[in-house]
Amino acid sequence: MNQNKQFSIVIAGGGSTYTAGIVMMLLENAERFPLRALKLYDIDEERQATIAEAIAIELKEKAPAIDFTWTTDPQTAFTDVDFCFAHIRSGGYKMREQDEKIPLKHHVVGQETCGPGGIAYGMRSIGDIIELIDFIEKYSPDCWMLNYSNPASIVAEACRRLRPDAKILNICDMPVGTQRRMSQIIGLQPKDLEVRYFGMNHFGWWTSVKDKAGNEYLPQIRDYVAHHGYLTQIEVDTQHMDASWQATHKKAQDLLAVDPHYLPNTYLKYYLYPDYVVAHSDPDYTRANEVEDGREKCVFSAAQKIIDAGTSDVGSFPIDSHASFIVDLACAIAFNTHERMLLIVENNGAVANIDDNIMVEVPCIVGKDGAEPLTQGKIPMFQRGMILNQAMVEKLVVDAWINHDYQELWQALTLSKTLPSAQVAKEVLDDLIEANREYWPELKHDEHEVHLISESAVSEI
């Protein structure tokens, strides 16, 4: 792609609460990533229309030359596009609430991307992401799909196996947000940092944080996190500021205590301290409810205000600067900039002592041909054991989706560190199946019915 090219993009998940902020961010970056066309695509026509009508007013005022459309038709959406930015939520907030509340009913971690909730979400998401890939390959085969839909690791593993030749890069905003906090702790800008990191999505550790001159800041940040977690004096992003997120950032000090050598991803709390998480969760009011009562209402009321007024003078959407990593990634591909970014890629030796076919999150150099992971060497036994366990959970989930196999999904839940036993795993699974009948493939049981030892039977032995 030449330096003077203008790009056509489609945002899959056009009705998302993040869409408007991302569009504003694209306008902010128009000099380095100019747009000729912007499309929104969603299967929820009514939800998307509210966001799209408000964006149309913003674009008419700020960038009238951009050809803007929104649609529920795949051919219209995916024809003549250079990039697809994908942030879909399969099942919407209605099912996110079930992902969180069903496990909590069983006194198990209820979270949208980790544990049984993440597995349920993954089972809904695989087919939808594969469908997007197929639309792209049919209507715009040269298009790159930049996917930041959750649960990213399960989705990435499914894409590796089901669409191995797809032009897709999987990226997550969580490390970006944490690195913003790190930069604030040491008084630098996020772009000043050059990090080393290994793990899986929502499941990893920073082993080095340097500036461009090669000065190492890991010890300084580590000392800060040991006392304060990742809480900072000044909030550095808008995505992770709610009360539940503040508690998560604070909990990082306890994650660091488990291994004080490396800086942990905050999501590790769900695996290392699941009992704490459950004890501090409200089974009747979860993160899904917090988002619906906060961000959801705020974004849609702002959109309706713009629509009713017919102008953004009443209050423009804020720029989601936190999402600038998406433009960084698109520019790296479009202009072969060899940007260094954390991406979810097939291991292939990047982490020396885990399997090559595990989808890892590591620093990569990104250019026109995609991502080249940087080698991280061998990792310690503790982290290796954690990663291998979680990788097998996610592989079993994908197996279960492909094979429509109840047994494999039960095994995946049983293997997860967030569940205490096979019995609890089965009870949670059966409730999740009931809630997800509209979304999951129908799972086949083994011909032999499963009988578990009941509490009463144990007491009689």
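Using N, Cα and C of the backbone, Cβ positions are placed for all residues, glycine too.
As annotated by Swiss-Prot, NAD(+) binding site applies to 7-73, with the evidence given as similarity to another entry. Residues within less than 8 Å, Cβ to Cβ, of GLU61 (NAD(+) binding site) and separated from it by at least 6 positions along the same chain comprise THR311, SER312.
Here Swiss-Prot flags ARG96, ASN150, ARG287 as substrate binding site. Other C-beta atoms found within 10 angstroms of the C-beta of ARG96 (substrate binding site) number 25, with every protein chain shown included.
Proximity of GLU112 (site 'Increases basicity of active site Tyr') to non-local residues of its own chain (separation of 6 or more, Cβ distance below 8 Å) is seen for ARG96, ASP99, GLU100, GLY118, TYR121, ASN150, PRO151, ARG287, ALA288, given in sequence order. In the three-state DSSP scheme, GLU112 (site 'Increases basicity of active site Tyr') falls into the coil class. Per Swiss-Prot, the feature site 'Increases basicity of active site Tyr' maps to GLU112; the stated evidence is similarity to another entry.
CYS172 (Mn(2+) binding site): 26 other CB atoms within 10 A of its CB, across all protein chains. Swiss-Prot lists CYS172, HIS202 with the feature Mn(2+) binding site, giving similarity to another entry as the kind of evidence.
Residues annotated as active site, proton donor in Swiss-Prot, with similarity to another entry given as evidence: ASP173. ASP173 (active site, proton donor) falls within neither a helix nor a strand when secondary structure is assigned with DSSP, and so counts as coil.
In sequence order, THR113, CYS114, MET174, HIS202, PHE203 make up the list of same-chain residues 6 or more apart from TYR267 (active site, proton acceptor) whose Cβ falls under 8 Å from its Cβ. What Swiss-Prot lists as active site, proton acceptor is TYR267.
Other residues of the same chain near the substrate site, with their Cβ within 8 Å of the Cβ centroid of ARG96, ASN150, ARG287, are ARG89, TYR93, ASP99, GLU100, GLN111, GLU112, THR113, GLY117, TYR121, ALA288, VAL291.
Ranking the binding-site residues MET25, ILE43, ALA52 by how many Cβ atoms sit within 10 Å of each one's Cβ puts ALA52 at the top. When the Cα positions of ARG96, ASN150, ARG287 are compared pair by pair, the longest gap among these substrate-binding residues is 15 Å. Sequence-distant contacts of SER16 (NAD(+) binding site), defined by Cβ-Cβ distance under 8 angstroms and a gap of at least six in the same chain, are ASP42, ILE51, HIS87, ILE88, ARG89. DSSP assigns PRO34 (NAD(+) binding site) to coil in the three-state reduction, placing it in neither a helix nor a strand. The Cα atom of ASP173 (active site, proton donor) lies nearest to that of MET25, taking the binding-site residues PHE7, MET25, ILE43 as the candidates. The binding-site residues listed here are PHE7, TRP70; among them, TRP70 has the most other Cβ atoms within 10 Å of its own Cβ. For CYS172 (Mn(2+) binding site), the spatially nearest entry among the binding-site residues MET25, ILE43, TRP70 is MET25, judged by CA separation.
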